[in-house]
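Encoded as C-alpha cells, the structure appears first; notes follow it.
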C-alpha cells in the first residue's frame, strides 16, 4: 500500500501500489527508483479536489464509473446533494465533477480512465439535454484538451 494525500486538507487514501502504477503513468513514474514518493510511500496531490480523486480511485478498484445520474456521481464524489439549492445546481455540480475527473485522468496520465469518463459523458443523451452553467462551460474550456469531444 501507499498513501495518497489529496487536496489542501491532505485527505488520506491507502491504495494498492500495483493498482495505481498499472492504471497511471504518473504514479508509475513517481513510485519507482529513488524519488521521494517511492522512498516514503507517500504521494501528495495538493492541487486535486478530493471529490474528483474519489472517482478514479473507485474506477481502478471496480473498473466502473458511477451510472448516469446526478445523485450517483455526487455520492461517488462524496458530495452532499442536500448542499445544492435546486436541480440546475445539482446538474452543475455533477457536470463539474465529471469534467474535473476527466481532467484528473489527463493529469495522472491515465488515458483509459479519461476515455471512460469522456465516453460516458459524450455518448449519453442527457449530456445534450442537461442545462449547462456558465461555471461548467468556463471550467471545460479552460481545462479540457482542445480536441476533446466534450
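Heads up, the Cβ atoms here are built off N, Cα and C, so glycines get one too.
Database features, via TrEMBL:
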DOMAIN    1-65  domain 'BTB'
* Count up the helix, strand and coil residues in the domain 'BTB' (1-65) according to DSSP, in that order. => 31 helix, 14 strand, 20 coil
* To do: For the domain 'BTB' (1-65), provide the mean pLDDT of the predicted model.
  => 95
